[in-house]
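To start, the structure itself, in structure tokens.
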């Protein structure tokens, strides 16, 4: 193959942008183009000035923020001192992934596209805006855009005449080869590389701390529909420190039953050991996998067999299938025309990779082990707001976890991988250790001691505010106002006794909204409006900061609406002035949000 011609850089939070980038890499290889695919923050950004052709694939997270693995790149690319001719030799295209139900839809992709033009880059195409809300998902916009992209790219880098395009049904070589060892089962060691007290630097994804779980307690009433846990970890000697607003990342595992079923369907011996080798120079093995590794470790700790597969999974599975009927169905699911049917079969009922493989047993039984890492994504760590302060609970880290379980038309209930795994761990039955590490979150609380804070945290959204209140009370700060909402006072009022005690001591003003305890539902936004004079006084006269955490669906928009009406009614502002006032609070970080889907 010729020297690298195409670079694909991605910023991905949940894996969709990474999946699209890998798809671009595969399509490039089919067209005989050399292509590198990298996360933005793992690419040396100063080298961009030498790149002739770059595709950027960027998700937008939260309130218009870049994903974690492109934050350093984002800061660099917006430096004021970059010359306007920095990228004048670069042809580029930007593909965005977002959700049109959010105010800042695809904000990162749009802003990046404009910035690359400012720096002298030449756009091959208008920015692509993939939308999660579309019934066919982002592919509805991505498919036609990619077709146009390849036309432009092949004009710049024509395929050599003596090389034919590799047709879609032919599998590309796997990224890695698995070399099975002859030694007896059970002899390969694969202790997790845990961060020990003497290791350099704080724990991280590649070196998590194996934290002992001290308690795992259900905090919702027995009649409540949802199982919510308060989980307590001992972080003594870990080197972990955190402040209010930080998040903990936890690396979950697949259940033993699922691991066994997967190995059975694919005809794999879970105790068989192997070493992994990349096929191409410059490609490294996944750092999270030990060498040598057992098949059981690969499946339980690394392969995300409980996730809902993406279209790329069906494309590769179709290539690997020798069973005529199954292959035909897989090809249909991976075609542009079959996306509606794939949505009905897979995305809507949330069917997992393991369940799909069980539905295609002949294909599953013939998958070459070399392709496992191409076919199945890695298990991603899950982030939780830290719900405790080191000032109140030294050497402890607490989280509030809603166990995800819901029914679709499939017989088995759908379960969240990490929350179900955490809920299944019982420190009362023996030592339990959970791999974790900490990173800064989206909320930063004021350093000035006399700044009041208004916190709106319905449901488990209250978790980061417990950490903040504990921290502020320990520092003698009393200007704490908490709006908390839940369904029933006696079923899901988290930390009621703690809040009441702080109220009695004059450290907290607590405002509650129990939505189901009266005929008309009452939510936190209704309580905000009722206390409009207090909210306006705190924000406008006392310079308070306003924080919001919780479910991203309707609540953030409802709370913003409540605030703008308070600014109009209490502050006498016009509609446009009230909106500008709110925007100013956001810009100066006096209004911060942390929401999740």
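Using the three backbone atoms N, Cα and C, a Cβ is placed for every residue, glycine included.
Annotation source TrEMBL lists FMN binding site at 12-17, 59-62, 97-106, 132. Residue density at residue 15 (FMN binding site): 17 other Cβ atoms are found within 10 A of its Cβ, drawing on all protein chains shown.
Feature annotation from TrEMBL assigns FAD binding site to 350, 382, 383, 384, 385, 416, 417, 418, 419, 596. If you take the C-beta of residue 385 (FAD binding site) and look for same-chain residues 6 or more apart in sequence within under 8 angstroms, you find 245, 247, 399, 400, 441, 463, 464, 467, 549, 594.
If you look up TrEMBL, you'll see 460, 515, 516, 521, 522, 523, 524, 525, 558 marked as NADP(+) binding site. For residue 460 (NADP(+) binding site), the number of other Cβ atoms no farther than 10 Å from its own Cβ, over all displayed protein chains, is 24.
Averaged across the domain 'Flavodoxin-like' (6-150), pLDDT for the predicted model comes to 91. Residues or ranges marked as domain 'Flavodoxin-like' by TrEMBL: 6-150.
Here TrEMBL flags 206-447 as domain 'FAD-binding FR-type'.
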Please identify, among the binding-site residues 417, 516, 522, 558, the one with the smallest Cα-Cα distance to residue 62 (FMN binding site).
558
For residue 419 (FAD binding site), just count the other CB atoms lying within 10 A of its CB, please.
21
Counting by DSSP secondary structure, give me helix, strand and coil numbers for the domain 'Flavodoxin-like' (6-150).
58 helix, 34 strand, 53 coil
How many neighbouring Cβ atoms, not counting its own, are there within 10 Å of the Cβ of residue 524 (NADP(+) binding site)?
25
What is the nearest of the binding-site residues 12, 15, 99, 102, 419 to residue 522 (NADP(+) binding site), using the Cα of each?
102
Which same-chain residues, if any, lie at least 6 apart from residue 558 (NADP(+) binding site) yet have Cβ under 8 Å of it:
523, 525
